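Student: Handing you this structure, nothing more for now.
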């Protein structure tokens, strides 16, 4: 009997209430989360190829009628402004908050972070002496990796988080890197006449909606010789917004505020080639993401008391608020494991595409 049949009927509010009170043990939480993703699969898979294609094309067409981005400011405040000391306690040495790449079973999180950065550089065809723009650069791990490995490159990170800009510039100074810049801006509002040899976007395009407008904007920062490398989480067959699939879906809205995240299909970006054209296309098995989030959760659990102490001052000394943040992050990690390990990593995964300017 599958988990859909095993989960007792309960309203979304009741489930969230129990979760935030600490009344749901991990084993039950795993079942509750898996139940939501099984419902998503039932929602997304259609009975015939024709119906599936029509469903997918309707989604693509709907994106082209939307604003360029989702609720970026909401996402920024709720997810990306955590203290750097907290992030360092949970993530690996480069504080990478996206998929890490495990070359072998015994790989550590630090090795997997570096392997992911290496993979990006290989597939984006990074070469020494290039100008590189990392859009949605996070804490700047990839920016710093490129700046250290390719010393003649000039690498710029763009983020709408002041905390991330400060962290990146501080790390660059510590490492004595003079080939690093950071831009504080919302990419959808940022205007520049500057062009770059390579544009990178790692797990950030998920916060965009109208990809036709967005890819057009990115193309203005490219020359005829430039390449754009995009890495995004995806489902292998269908796209969906990370929003409630029905009224009993407590999970989706808890993890991401409504309107903040779009999960594309593995081939969705192929429908947005008005201003760029695809050069290459890969997928990475979801187990790499599943292992990443599982290691993050274990690190949080191991450093729980210290992590809570770090969070406390920024949350007005409220232990309830601290518990809320920690519960959110643990649930995100547990959910990510269930999502990306489904069907041995062959349902939700990571797509990578390389584009040139048209």
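Heads up, the Cβ atoms here are built off N, Cα and C, so glycines get one too.
As the structure is a computational prediction, the values presented were derived from the model and not from experiment.
Sharing the feature lines straight out of Swiss-Prot:
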| type | residues | note |
| --- | --- | --- |
| BINDING | 98, 136, 160, 164, 186, 187, 202 | S-adenosyl-L-methionine binding site |
| ACT_SITE | 333 | active site |
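Can you walk me through where each of these features ends up in the structure?
Tutor: A 10 Å cutoff on Cβ-Cβ distances gives residue 136 (S-adenosyl-L-methionine binding site) a total of 23 other Cβ atoms nearby, all chains included.
For residue 333 (active site), the same-chain residues lying six or more positions away in sequence with a CB closer than 8 A to its CB are 293, 294, 296, 297, 300.
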Student: What is the number of other Cβ atoms found within 10 Å of the Cβ of residue 186 (S-adenosyl-L-methionine binding site)?
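Tutor: A count of 14.
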Student: Does residue 202 (S-adenosyl-L-methionine binding site) have same-chain partners at least 6 apart in sequence with Cβ under 8 Å from its own Cβ, and which are they?
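Tutor: Listed in sequence order, they are 98, 120, 134, 136, 138, 142, 231.
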Student: 98, 160, 164: which of these binding-site residues has the highest Cβ count within 10 Å of its own Cβ?
Tutor: 164
Student: Does DSSP put residue 164 (S-adenosyl-L-methionine binding site) in a helix, in a strand, or in coil?
Tutor: helix
Student: According to DSSP, which kind of secondary structure is residue 187 (S-adenosyl-L-methionine binding site) found in, if we only use helix, strand and coil?
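Tutor: Looking at the DSSP assignment, residue 187 (S-adenosyl-L-methionine binding site) belongs to neither helix nor strand, so coil.
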Student: Counting every protein chain present, what is the number of Cβ atoms, excluding its own, within 10 Å of the Cβ of residue 187 (S-adenosyl-L-methionine binding site)?
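Tutor: The answer is 23 other Cβ atoms.
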